[in-house]
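Input: a single structure, listed below in C-alpha cells.
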C-alpha cells in the first residue's frame, strides 16, 4: 500500500506501530523521505514517508456508516472507523455495496428479530443503519424487479462470523419468501432448520471459534414469480476429514459425536455409547465439554431440526448408527499377528468395539476385521491379499472412518 502524498510540519498522520498496528501523531520535522513524528501515545518516532498516511481530521469520533465517505480510504483510516463504531456497539459498516461485520462475540438478539426485518422490508438501501437484512432485502428486490438471479458472497477468516451472517441472510430471505406447504410445514422453517443440522455434522470447536464451520457451502434459494420460496439446495465443499480421527488440544471433533454421547439413556444404550471421554477420536483433546453449550439439549434440537427438514426417523437412526460406529471403530487397537507383518485386534476390549462397529454398520464382523488388517490388490486376472502390520492396520482404520464420515456428510 503506497503512501498518499507529501507531508509538512504540523500534518496529522498515521504511522505504523509494532504494538497497535497504527498510531496517530503530528509531523514535527521533515528530512527528505524521513519524518519525525510526535505520537499521541507520547513517544517520538522516525519513519519513512512510505509507511505514513494522512489522518482525516474531519471524520466524526463515532465514525461513518459508509466508508466511501472517508476522505482517505486507506488501512489505518478503515481500521480506525471500524474501531470507533465497534466501541459504540455498531458492528456493521458499509463500503459502498459491501457490508463489513465485526464479530461482537456475544448474542445481540434485538438486532435480528421480526421487528427489525419489518423495518428493512422494502427500505431504500442506505436509508437505515448497515445490516445483513439490508443486503438481503436489496438482493431480493433486484431479483423481483429484474427477474435475474442474485448472489451474496460471505467471506472472512476463521471466527469472523461467516456462519452467523449466512444464517441472518437466510432468515431474512425466508421471512420474505415464506409459505406453508400442504403438510403444514413451512418452507421457511425447512430452510432455517437446515442450518443446525449442517452445524451438528460440519462444525467443531477450534482454537479461535467454538462453532467453526469446517467446510464450505453454497446455499441456493429458489423463488417463484410471486417471490415465494419454491425450493432450496445446499452444496457442501472440502469437509475437513482429518478432524474425524485427529484433533489437538484444546479443539474438539465434530459436534455430533459429543451430542450423541450426551443423548438420552435409551439412545446411548441403543448405540452402546458412554461418556465422550472414553473414545479415542474424542479424548485426544482435554476439551470434552464447551462452556455455554449443552450437548444433550443440542442433540434433541438437532433431531427436531431433522424432523422439520424431512429426514425420517429411520434415516435419523441410520445416521446416528454410523456416527456411533465411527466412535467404536476408533477404539479398535491392533497388535502383531502370528504371521509375519500381520495384525489382529489387540484384546477383548478392541474385539468388543470391532463387533459393535460391525453391528452398527450392519456388516459382517469378520469382513470388517479383514478390511482393516489386510489389503487386497487387484491385478489383471487375479487378486492379491497382503497382510498389514499393526501400524498400517491403524492407518487403515482411520482412513475408513474418514471416508465413511465424509460420505455421511455428503448424503
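For all residues, glycine too, the Cβ spot is worked out from N, Cα and C.
If you check TrEMBL, you get these features:
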- 156, 157, 158, 159, 160, 161, 162, 163: ATP binding site (BINDING)
- 8-57: domain 'Myosin N-terminal SH3-like' (DOMAIN)
- 62-411: domain 'Myosin motor' (DOMAIN)
**Request:** Please give the average pLDDT for the domain 'Myosin N-terminal SH3-like' (8-57) in this predicted model.
**Result:** 93
**Request:** Find, for the listed binding-site residues 156, 159, 161, the residue with the lowest Cβ contact count at a 10 Å cut-off, counting only other Cβ atoms.
**Result:** 156
**Fill in**
The correct DSSP tally for the domain 'Myosin N-terminal SH3-like' (8-57) reads 3 helix, 31 strand, 16 coil
**Request:** For the recorded ATP site, enumerate neighbouring residues of the same chain (Cβ within 8 Å of the Cβ centroid of 156, 157, 158, 159, 160, 161, 162, 163, site residues themselves excluded), in sequence order.
**Result:** 103, 209, 212
**Request:** Within 10 Å of the Cβ of residue 163 (ATP binding site), how many other Cβ atoms can you find? Include all protein chains, please.
**Result:** 20
**Request:** Rank the binding-site residues 157, 158, 160, 162 by the number of other Cβ atoms within 10 Å of each Cβ and report the first-ranked residue.
**Result:** 162
